[in-house]
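Per TrEMBL, the features are:
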type	residues	note
ACT_SITE	Lys18	active site, charge relay system
ACT_SITE	Ser93	active site, charge relay system
ACT_SITE	Ser117	active site, acyl-ester intermediate
DOMAIN	855-1153	domain 'Aminoacyl-transfer RNA synthetases class-II family profile'
Amino acid sequence: MSENDSVGELKNIPIAIKDNIAVKGLPLTCGSELLRQFVSPFDATVVEHLKQAGACIVGKTNLDEFGMGSTTTHSIHGATLNPWDLQRTVGGSSGGSAAAVASGTVPLALGSDTGGSVRLPASFCGIYGLKPSYGSFSRYGLVSFASSFDVVGILADNTELLRTAFKILCRPDPYDQSSRSFPEQQKAVSRRVGVIALHNMVSREVELSYQRSCEYMRARNIELVEITPQTMQYVAPVYHIISTAEASANLARFDGIRYGLRAEDEYDTKDMISETRSRGFADEVKMRILLGTYVLRSGLADRYYHNAQKMRKVIQREWKNIFTQVDAFLLPVYPTLAFVPEELEDQVRQKSADIYTAIANLTGMPALAYPVESDMHIPMGVQLMGDLSSEERLIDTVRYLQTEKTIQRAPAFSDLPKNYQISQYALPLGKGGHFVTWNQDVVHIREVHLEEDAGKMIHASDKTYCDYNRAGTPLLEIVTQPDLHSAKAVEYMLQEFRRTVQYLNVCDGNMEEGSLRCDVNISVGSQESLGTKVEIKNLNSFRFVRMALQYEIKRQIALLKEDKLVQQETRQWNEHRDRTELMRSKEDVHDYRYFPEPDLTAYPLKNVFLKTVSKALVELPNERAKRFIHQYKLSDSVAWAITEKKEIADFFEQTVQEGADPLKLVSWLEGEVKKVLNKTGSKLSSSPLTPSRMQKLLWLLETSVIQRKIAQRVLSCIISEDKDPRESVMRVLICDLSQQDGNEVEVCGWVHKIRKLGAIIFLVLRDRSGIVQVVYRNKQISLHLESVVSIKGIVKKNQKALGGYEIEETHTFVFSLAQADLPFLPEKDINTYNLESILDHRLLSLRNIKIRGIFELEATILSAFSTFLRNHKFTEIKTSKIIGRGTEGGTELFEIDYFGKPLYLTQSPQFYKQAMVASGLERVYECAPVYRAEKHETRRHLSEYVSLDMEMAFIKDEHELMDLQHELLEYVFQEIKQQHDSVLKMWNVLLPSAKQWASVPRLTYAEAKELLRQILGKTVFDIQPDGERALCDWAAQKYDIEAVFIYAFPRKKRPFYTYFEETLTRSFDLLFRGQEISTGGQRIHERDRLEESIVYFHLDPASLKDYLSIFSAGCPPHGGFAIGLERFAQQILHLENVKEAAAFPRDRKRISP
């Protein structure tokens, strides 16, 4: 504000703007996810006018999304609370602006009013809310809800500011075709006011306030004329039909193409727009768009929209006629008090409540909501409506009614419930002395005396409240001389004074709880003499002291410039309006009368007592700060900060005495220590962080035992877990040792190798991330291979060591000692063992780094498969593995005894996948085990394996599935390369490049057989394993890729549910490195055709009735594929047998471990 050079009627007035009005450089979210990231590149015209008038735009305020709502709860920013009662609604949709004014954050705010969105929150918050005539304010820069209703409105805490803002904003704008010039308005009070019979249409509380307002008008000689508008019943339906129709049109611009949210993951423009709007709009907005679209539909527009427009003209004519009979019309704002949003479940009832506010928007006429007297603890308002261009008349009328002094705004007059107060006024504890601030301001002390807190009385309307909460509490009052000449200097002095009393342990200095309070006296005069003194009482924050003084200085200067006298009086600070207000006047300087209290005798303080007290005084904060600057070489600002609280200054000195570096300690105290204490809600004095522990932590950091990031974690452990710094040094993974050069660390893992060289022992430790060499010097250890240990030591760089680093051991702890004669040693080359030995000792062979790499790679395949499909909007499902019959023809089943019934382990989740697709999920996938009771003993078969299955709806043919699988596997290969380069190197394999993978050929089954005939030199009746290898070899030679898609299989070679055309099916296999790893295809989706196929395959339709029921209810064209995880990993790593890729393989003979 101090840099605001503009001159205008609103100079330095802070103003908040509703977040559907453009302010250059500030967010313009409209409370919607769709515009969450949007920042306005320009100012709305009304904002330009405010800035030209000198106003300071301090921020944006919350609203219901796009202004659609009456509670300010439908917003991405959350709900706005009513400052008077946090359980009740603030009203809407301009609730954020109303709450900002009502809470005293700003005196003035802009909102928008489409059907009462300014007047409703103004009523619920006890402030003034003006909806101007349509066209009087520019709408350029206001995001449209319903263009023929929308207006910018004003919310203010007093009528004068409201009038000023209105005059500034009321002007035509070439950028807004709906704006127009109105004739200059004359100031006048409405003498004939129309009123309405409510007939139980509002709550009892609202009706009483309305009647009381009418009675008060009569008392002020205003004639009331009862009028019953004939169109009232049509107001709400006409408003909602037209407003939703306009909203559906206006919000069509938010499509993700030009600005705002965009659904980037959609393939075509139509899907992108649909998904953008689905994600961006919340339910309330969607509901209004749907309703608006409905009433504009062909065949319905005449019934709803056009009839509503005709009825709107009838309503306008009726109200135009009403204002030939009266100057203004008094109406309720809302049928009830501010309600609790969760209790209002009837949406129709809520929207019909717009009956009183929507009139002004339907007619384009102005309306002013203002607070009225209420017996409730929350505010209530009514509205005064007028003819076009009658805003100033409405403001004058409201001002004439003096409604600014309602019960909610009544000032609290202090008084004494016990009629007198005990004070040491005549015999103070001390006189004279002075207080020197950090800025060298000298404040002389007139006296220090004791008083009692006598309580206070609050007078409000016809009631008086007695507050005895602090009655009888002793007070120490310090009275200073008028030595300070600015509000800022007073604020600094009080901050330092509070530090002083906290250091002396006089009190905790908590101003909010009343243990420290401030009364200030201010007078404006010349250098020769002071002016009349005004007292401002009971200020409970330093900020309020500064603001009250700044306001009072301006107020008194303004009075003196107008040759008016400043009255000697006591005033109080109104934090809601940011101004001082009269509390009581003082006609005489000697307004107080003093007399002796006979029951209290004087207690003289002897010199011995005073000397004892003087010796016990601690070093005061300013003196201590100066000493810290000199002794510890701290800067002024750092010394000030570190001595602000005595407990921190004490901790600082004690830690330095332990040996800590002062400058580094200050950095930690002001940074990380404060952050952790705030996070844990702890106080330094009561936390486990002692000066000794702090010094140890800094030593560990300074000697490079730990780095700063680890030190931060250690500090958190000290404070939250009460651990010593040494105990808090955390475990480090072997792969991260390169970041710990020179630091002491703890590593945990398995003993991989042990080698002795004279007095030195080299131990190789293995954890999940790698291996490292640990050096023992002049120590004996009794460890066997595979023992699990924790080792602490210093990390040192050594190019000859594994990974380039080794650890100089300082301490070893054994978690578990392995036996000496293990039958399988994981550190040995696996080529020294045959497959049966590896599998027989599986629990040990899994510890081998190379073997473990197989399963790390499989984990990445699983993760990449899921991530890719999730990114393509697939839903993961989990299906039963116990089934009543098989899903694949020609494959044996594992029978199980299911409570006496024969059931089977699933061969495939095929039927379940199809059911979930038909349910409406459309795209599903599953990663789960399946079971095949095949009696093969081959390198490619398992009785149990993990199947990666997917199914999707609305496909055209099998090529769409092959395209997706091609893209999926490219993503899987990419993830493996990024995460498992070391595994690929250990197994000495390469994965296809993106260029190679892009060239995978596709052959029909017939083309593949003919090609094999040419390659093998013989007729081929089916594609056997040798044929699969031959086809992959052919693809490698011709296309540089060991993979080929085979499709268009004969019908008899595919399951009964495969989609067919005459004798061929829309199915495929993927061969990779000489072996089939995936099979898939399109499924039959028509029940009649499926029943035909079941009979064709000699199956019983009755046994498949559950499956067939999927298709009775309608099913989209769909298909899918499955990949065998273990076989895929086998082919990637060139494993000889698929059992190597199973952690615990199952075949005809192997059932353990």
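Any Cβ shown, glycine's included, is placed from N, Cα and C.
Given the structure is predicted, the values throughout are model-derived calculations rather than measurements.
Every protein chain shown contributes to the tally, and the Cβ of Ser93 (active site, charge relay system) ends up with 35 other Cβ atoms within 10 Å. Within 10 Å of the C-beta atom of Lys18 (active site, charge relay system) sit 30 other C-beta atoms, taking all shown protein chains into account.
Cα of the residue listed as 'active site, acyl-ester intermediate' to Cα of Ser93 (active site, charge relay system): a span of 5 Å. There are 37 other Cβ atoms within 10 Å of the Cβ belonging to Ser117 (active site, acyl-ester intermediate). For Lys18 (active site, charge relay system) paired with Ser93 (active site, charge relay system), the C-alpha to C-alpha distance reads 9 Å. A mean pLDDT of 93 is what the model gives for the domain 'Aminoacyl-transfer RNA synthetases class-II family profile' (855-1153).
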